[in-house]
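Engineer: Dropping the structure in here first, questions after.
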2 protein chains.
Amino acid sequence: MKPVKVGLLGLGTVGTGVVRIVEGHQEDLQNQTGSPIVIDKILVQDASKSRAVNIDPGKLTEDPWDIIHDPDISVIVEVMGGIELTKGYILEALARGKHVITANKDLMALHGPEILAAAQEHGCDVLYEASVAGGIPIIRTLVEGFSSDRITKIMGIVNGTTNYILTKMTQEGTVYSEALAEAQQLGYAEADPTSDVEGLDAARKMTILSTLGFRSNVALEDVDVKGISSVSREDILYAGRLGYVVKLLGIAESQDDFISVSVQPTMVKHSHPLASVNGVFNAVYVFGEAVGETMFYGAGAGEMPTATSIVADLVAVVKNLKLGVNGKQALLTYKLKKLKTDEQISSKYFMLLHVDDRAGVLAKITQAFAECEVSLESVLQQPNASITEAEIIIITHDASKAAVTKVLDAFKQMDVVKNIRSVYRVEG
Amino acid sequence: MKPVKVGLLGLGTVGTGVVRIVEGHQEDLQNQTGSPIVIDKILVQDASKSRAVNIDPGKLTEDPWDIIHDPDISVIVEVMGGIELTKGYILEALARGKHVITANKDLMALHGPEILAAAQEHGCDVLYEASVAGGIPIIRTLVEGFSSDRITKIMGIVNGTTNYILTKMTQEGTVYSEALAEAQQLGYAEADPTSDVEGLDAARKMTILSTLGFRSNVALEDVDVKGISSVSREDILYAGRLGYVVKLLGIAESQDDFISVSVQPTMVKHSHPLASVNGVFNAVYVFGEAVGETMFYGAGAGEMPTATSIVADLVAVVKNLKLGVNGKQALLTYKLKKLKTDEQISSKYFMLLHVDDRAGVLAKITQAFAECEVSLESVLQQPNASITEAEIIIITHDASKAAVTKVLDAFKQMDVVKNIRSVYRVEG
């Protein structure tokens, strides 16, 4: 049997995992696809560097074109990261009829439609299961498992770094800066953690998931993003007392084909399946009109989980090669994108206010809610020994984002409101 | 475009859901498959009966052959249940080149290999996502999502009826008989609940999941089955005190290609993802060598969740029709089945014993464990006001099933052991 030759772009953590699985599981892969699968050439920055896996040095190359222009290589696995340069490599590979598997969420979130169109033009597969939630096969689930359903909500804990930090803050009362430092020490957070903690990484993943779930081309700039750097120990404490945990959630919603996508720290009810997803684990909660509540849980990153998804995509590409049907299963984003306005985006909210501790203040506050037509689920006023003001904790009923913004604007104009300490979306 | 004509065998709850989705989501289905999908004929027991959905009475037939012999029908959806008769219909449909989608776990657990072989012979698809865990796309996940990995453990809460009963007993302290009666009133349990409460339904599903996960033909008789009818309020109470909940788990394990499959009430640690799966919900926990821990959660039964899975299979069949690749994606169970012996099956165990309340008894008990080479994680002896004997609660370290059986046999020979109240496998 003629082996399928694969070119690997990148030999970092994930690339090493891909080599391990393809070599270690060769017999299983052959049994499933009917072909030996060989990693034939590997792009590295420095071919003389020592490696975590045993690799024939003859396979290493520092020249990407050596791989992309090799007519014997039929599949490219891209795990080098980067955006513009990498996109160039992938488009050239597709133009030469090579199938592409990528773990690159940044690339797919920014240039997914262009890359998928090029794939279709050249009759090639582009698969990217590993780009979201590492080892969880969530892309297959959305595209195939729920092909018959109308998905109305996707909520994801899709960034392990921030989930580790928030779990630490919740379970041990650590403050944000300490939890972040620890995540950095453990290698869960980068030296520059901005992309993770400010929600950008999660936003890229939500762009991909909402595009697939709603079958409409969602763009990164459609995602409303807020990170976790302002989450305080106090917020987590109050959340706990009210029966909630704070999680950085990606939330994508679709109603009558109007969609909204956001990433923000959210108070999630204890009984919700997402509330018990802790540490670096990821989970994606999907609500479908017919199927109802579902959730998919697993490792969101790491060498072997991510490599599992990449090699599962490789099996799919090789099966398609055997059947001669590559490039035929491309997702059609056949729905016109219609974004919800702030009037259409609706949820419950938590607010913590510091106010003047005198008669009539609560009346003024509740009056502001009433004028903006936001009704309240619960209101608690209490003294706070550490401040001179009184503290008001509010949970609203479902309210539009526009109305809540109006309420907050009104508070900013009020002398009696000293400080809008925090505002959170509430789920579950 | 020529529509794809589907014959539906059965119009009960799930069949009705299939009609609802195919009609209600027609535009989406066409966008995904490029073809209109029409349910052309429906087998019913009584064509004159009134129906929950609007159906052209001309589509109803009481004669199965009217559907199976219709050359215009290319896909059969079987939701009538039953085993031998139904198998005959399906084999005849396959012989006539029709693709088959079934939700019938009993049929697939008993005759899966025969049916899949017939499908392969005739170049037809047989898909059965709905046969296990209703709306959770767990079959796709095992076959495609984890194609690259070696799965070593599958643990499933795959029977909603028993999970409802155990949840009720745990959360409200209800006794088994009352919880069962309530499940029957709510329609979650049948008038004759044997198949659910004795674990047979779960065993059928585990037969299917372990065959797919381990790529080896597991038979129903390979599954060691114990139901929940002897689970007492006391067991649940003790489990809770020790940090566990009692769940009916299907457990399939593979080590060096030796496998074991069982269904039994199990004590699951609170922190384990399966511990918080409550009510009629299902979940399947999958551990892969590379991917690590994953879990898939959702509705395990019901009209619309089950219909979601059936129609997702229908989309897959119609896509294959377009590509001309039906019957080509059959799973190869290429591994020889090797069952673990009781010496090879290993886990932690919980035991509750009633013993004579006098000096030296605990020494005798622990001596018996030592002689069988079972080491203990924790031992608690305490008086029990409601009995004259003392109570001993033991949790073992990992021990072979054979050794634990030897210990229990030794206890049965001891005068001082009055009653082996309960023995549970422990997970998490």
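Cβ coordinates come from backbone N, Cα and C, glycine included.
Bear in mind that TrEMBL entries carry predicted annotations, made automatically and left uncurated.
Marked as NADP(+) binding site by TrEMBL: B:Leu9, B:Gly10, B:Leu11, B:Gly12, B:Thr13, B:Val14, B:Gly15, B:Thr16. TrEMBL lists B:Glu190 with the feature L-homoserine binding site. Residues annotated as active site, proton donor in TrEMBL: B:Lys205. For B:350-425, the entry in TrEMBL reads domain 'ACT'.
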Engineer: According to DSSP, does B:Leu9 (NADP(+) binding site) fall in a helix, a strand, or coil?
Structural biologist: strand
Engineer: Measuring Cα to Cα, how many angstrom lie between B:Thr16 (NADP(+) binding site) and the residue listed as 'L-homoserine binding site'?
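Structural biologist: B:Thr16 (NADP(+) binding site) to the residue listed as 'L-homoserine binding site', Cα-Cα distance: 20 Å.
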Engineer: By a simple count, how many Cβ atoms lie within 10 Å of the Cβ of B:Thr16 (NADP(+) binding site), its own Cβ left out?
Structural biologist: 20
Engineer: What is the three-state DSSP composition of the domain 'ACT' (B:350-425), stated as helix, strand and coil residue counts?
Structural biologist: 24 helix, 32 strand, 20 coil
Engineer: If you count Cβ atoms within 10 Å of the Cβ of B:Leu9 (NADP(+) binding site), leaving out that atom itself, what do you get?
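Structural biologist: Around the Cβ of B:Leu9 (NADP(+) binding site), 26 other Cβ atoms lie within 10 Å.
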Engineer: Restricting to the domain 'ACT' (B:350-425), report the mean pLDDT as a whole number.
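Structural biologist: Taking every residue of the domain 'ACT' (B:350-425) together, the mean pLDDT is 94.
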Engineer: How many Å separate the Cα atoms of B:Leu9 (NADP(+) binding site) and B:Glu190 (L-homoserine binding site)?
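Structural biologist: B:Leu9 (NADP(+) binding site) and B:Glu190 (L-homoserine binding site) have their Cα atoms 22 Å apart.
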Engineer: Would you list, in sequence order, the residues of this chain other than B:Leu9, B:Gly10, B:Leu11, B:Gly12, B:Thr13, B:Val14, B:Gly15, B:Thr16 that have their CB within 8 A of the centroid of the site's CB atoms, where the site is the one recorded for NADP(+)?
Structural biologist: B:Leu8, B:Gly17, B:Val18, B:Val79, B:Met80
Engineer: Counting all other Cβ atoms within 10 Å across every protein chain shown, which of the binding-site residues B:Gly10, B:Gly12, B:Gly15 scores highest?
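Structural biologist: Result of the Cβ crowding comparison: B:Gly15.
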Engineer: What does the structure give for the C-alpha distance between B:Thr13 (NADP(+) binding site) and B:Glu190 (L-homoserine binding site)? Integer Å is fine.
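Structural biologist: Here the two Cα atoms are 14 Å apart.
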Engineer: Near B:Val14 (NADP(+) binding site), which residues of its chain come within a Cβ-Cβ distance under 8 Å, counting only those 6 or more away in sequence?
Structural biologist: B:Val79, B:Ala103, B:Ala130, B:Glu303, B:Thr306, B:Ala307, B:Ile310
Engineer: Looking at the recorded positions B:Gly10, B:Leu11, B:Gly12, B:Gly15, B:Lys205, which has the shortest Cα distance to the residue listed as 'L-homoserine binding site'?
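Structural biologist: For the residue listed as 'L-homoserine binding site', the spatially nearest of the recorded positions is B:Gly12.
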Engineer: If you skip the near sequence neighbours and keep only those at least six away, which residues in the chain come within under 8 angstroms of B:Leu11 (NADP(+) binding site), Cβ to Cβ?
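Structural biologist: Expected: B:Val19, B:Ile42, B:Leu43, B:Val44, B:Arg51, B:Ile55, B:Leu60.
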